[in-house]
Amino acid sequence: MLEIAIKGSKKYWIWLGALLTVMAVAFAVYIDQFVNGLMITGMSRDVSWGFYIANFTFLVGVAAGGVMVVIPYYLHDYERFHRITILGEFLAVASLIMCLMFIVADLGQPTRMLNVLLYPTPNSMLFWDMCVLNGYLFLNIVIGWKVLEAERNQIQPPTWTKPLIYLSIPFAIGIHTVTAYLYCGLPGRGFWLTAILAPRFLASAFAAGPSFLILLCYIVRKTTKFDPGWEAIQTLSKIVCYALIANVFFFFCEVFVVFYSKIPGHMAHIKYLFFGLHGHGALVPWMWTSMILMFMGIGLLVVPKFRSNETLLPFTCILIFIGTWIDKSLGMISGGFVPNPLHHVTEYAPTFKEVVISLGVLATGLLILTVLFKLATTVKEEVRG
Amino acid sequence: MKKSRRSFLKAAGVSAVAIGAAPAIKAVAVASGGAATNASAAVKSRKTEALSAHRWGMVIDTSKITEEVAEAVVEACRKAHNIPDFNHEPDQEKYPDTRPVDHKQEIKWIWEEHYQHAFPEMEDEFLAEKFRQLPFLVTCNHCKNAPCVQACPTKATFKREDGIVLMDFHRCIGCRFCMAACPFGSRSFNFRDPRPFISEFNPDFPTRSKGVVEKCNLCAERLAKGLQPACVEASEGAIVVGDLEDPESEVRALLNENYAIRRKQELGTEPSVYYVM
């Protein structure tokens, strides 16, 4: 099946070439980081996780978002998702590979990463995160591949894929729950120390993932002969709408608890993010932008006239994607570290090199996504043709 | 694996003492009378000169910490553990092309803070000005329920039976989960090779490589040789370490006689560092 990937139009190759160029530049910068250490980043003693972990957290969400097509199709026999289920699974694969790359990029001693397997430590949430992320990646590769292969040969997928598909559902919830547990189980980090964190992560994931999937459906429709179906896209947009409302609702629950109880250690972080603290407010415009984008997204999806507008929908999805990215990446990680446990305010901004390395990871993910989508759409074109 | 590493560390400590440390300990004991009395407060094991305890703890008498004492303590710790000083000008011949430092990425094991930062949850608008300006020394609390130990995915950070939270610099993968977990900001990460910024190498303690986390180890290497921690020696009696579980120990005597507080006690990590107010 992989031979499909090496037969493409000129545009396909230009796109892959562009991605490879970004990857090559980023790799050169990564060598600098590998040799000289994480000093090339904007991270510090006080803000010890930054852009890499922020993007990792967001992309775990995008990966988990794939389950929003798997559940309706496999559990509720929602036939309209039949065509796009594979796209959701392959999006999860590409996102998870980016997640793992961001983790490795963030390690101070990447050559020692196998220590996590050599000395397995069940009391560390990072150990469990590694287990569920790799497990979910493996499941999606196997399921996606087998189901697509069966479609190409016009036979039923092997029966053993069914239990794996059912297993992938709790895994999808699991990857984002455990990722939230990385943060919310830490004493003395008031911003993260809330039981709403995992539900909030899931809600924003189910908004960000499917809205990205809608965008991908538009691209697929434009660049290939395969049509994912307008009705499937419409159902997806309703899922995005509900999830986005849940995300904002959970956020307001948190805001109420924090500001009504008035516990200083919990208030300080949200104050820093939205109003600035002791004269430091680098993230203030970002956070308000995020809020506005998410509210605009809700407005444009709740009203049927806007939601069913084919020209408007991709823009709505872009707003939501950016809004949730700021909310979960920039705000969620920096917000937890500022102020630090001693109530000093040290701000964080990624360096240019850090951003380039991150773009390299994104380019790798997009390359994998392009190839996988190329396979999926070509097979579907063949079958229909 | 865990067992064998620890027993190796123990054996290494014992043999270090057996081979050549014993005369040095005597010399130090003679040279500094004060330290020797402190040493007697802790239980000495019979076979070696190593100091041991059921649970090591530290008591800091805040009234005795002046600006000078605090500086001496920080400096003593820096020298004992080859902690880089980002204000140190690297040797151009040995380390050519060293890039400029970012002070936000510095390494600290024990350092000075003001009251409102050492005890942020106890901030009080009517706190007397004289307390606001006092230097408070903060360091790793060697918590009984250490969140960093729980978070570490490789057991590179581990708790010894005597309560000291230690690190294996060769196992650490540099994920910095422990830094997020520590509620006291006691951990530092080597964002770069620290060696160009070490002004005076101490051959008795390893230097670190880039990409690993480090923190106060309560001078485990000195206790193993029967020496008091470097900060205790430099503190002019302001810092005492000893066995918290021994009612006869000097630290317990201090806690019996004085009102002492711990940082962020409400989190339940059970810090082993006490501040006599």
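Here the Cβ of each residue, glycine as well, is placed from N, Cα and C on the backbone.
Sequence-distant contacts of the transmembrane segment (A:12-31) (same chain, six or more residues past either end, CB-CB distance under 8 Å): 40, 105, 353, 356-361, 363-364, 366-367, 370, 374. Sequence annotations record features per position, and here TrEMBL assigns transmembrane segment to A:12-31 (among others).
Long-range neighbours of the transmembrane segment (A:51-74) within the same chain, counting only residues 6 or more positions beyond its ends whose Cβ lies under 8 Å from a Cβ of the stretch, are 41-42, 81-82, 84-85, 87-89, 91-92, 95-96, 98-99, 102-103, 105-106, 133, 136, 140, 165-166, 168-169, 172-173, 175-176, 179, 201-202, 204-210, 212-213, 235-236, 239, 243, 324-325, 328-330, 332-334, 350, 354-355, 357-358, 361-362, 365. The annotation transmembrane segment is assigned in TrEMBL to A:51-74 (among others).
TrEMBL lists A:86-105 (among others) with the feature transmembrane segment.
If one looks beyond the transmembrane segment (A:125-143) by at least 6 residues along the same chain, the residues whose Cβ comes under 8 Å of a Cβ in the stretch are 60, 63, 66, 89-90, 92-93, 96-97, 99-100, 116, 161, 164-165, 167-168, 171-172, 174-175, 178-179, 181-182, 185. Annotation source TrEMBL lists transmembrane segment at A:125-143 (among others).
Taking Cβ pairs closer than 8 Å, the transmembrane segment (A:164-183) reaches residues 57, 60-61, 63-64, 66-67, 70-71, 74-75, 92, 96, 125-126, 128-129, 132-133, 135-136, 139-140, 142-143, 189, 192, 197-198, 200-202, 205, 332, 336 in its own chain, all 6 or more past its ends. Under the heading transmembrane segment, TrEMBL lists A:164-183 (among others).
Residues or ranges marked as transmembrane segment by TrEMBL: A:195-219 (among others).
Beyond the transmembrane segment (A:239-263), the same-chain residues lying 6 or more positions past its ends with a Cβ under 8 Å from any Cβ of the stretch are 68, 190, 194, 196, 199-200, 203-207, 210-211, 214, 270, 294-295, 297-298, 301-302, 307, 317, 320, 324, 327. The transmembrane segment annotation in TrEMBL covers A:239-263 (among others).
Marked as transmembrane segment by TrEMBL: A:283-303 (among others). Sequence-distant contacts of the transmembrane segment (A:283-303) (same chain, at least 6 residues past either end, Cβ-Cβ under 8 Å): 207, 211, 237-238, 240-241, 244-245, 247-248, 272-276, 312, 316, 319-320, 322-324, 326-327, 330-331, 334-335.
Taking Cβ pairs closer than 8 Å, the transmembrane segment (A:315-335) reaches residues 47, 49-51, 53-55, 57-58, 61, 183, 191, 201, 204, 207-208, 211-212, 214-215, 237, 240, 244, 247, 251, 269-270, 272-273, 283, 286-287, 289-294, 296-297, 300-301, 306-307, 347-348 in its own chain, all 6 or more past its ends. Sequence annotations record features per position, and here TrEMBL assigns transmembrane segment to A:315-335 (among others).
The annotation transmembrane segment is assigned in TrEMBL to A:355-376 (among others). Long-range Cβ contacts of the transmembrane segment (A:355-376) within its own chain (Cβ-Cβ under 8 Å, at least 6 residues beyond either end) map to 1-2, 4-5, 8, 12, 15-16, 19-20, 22-23, 25-27, 29-30, 33, 51-52, 55, 59, 86-87, 90-91, 93-95, 97-98, 101-102, 105, 144, 148, 216, 220.
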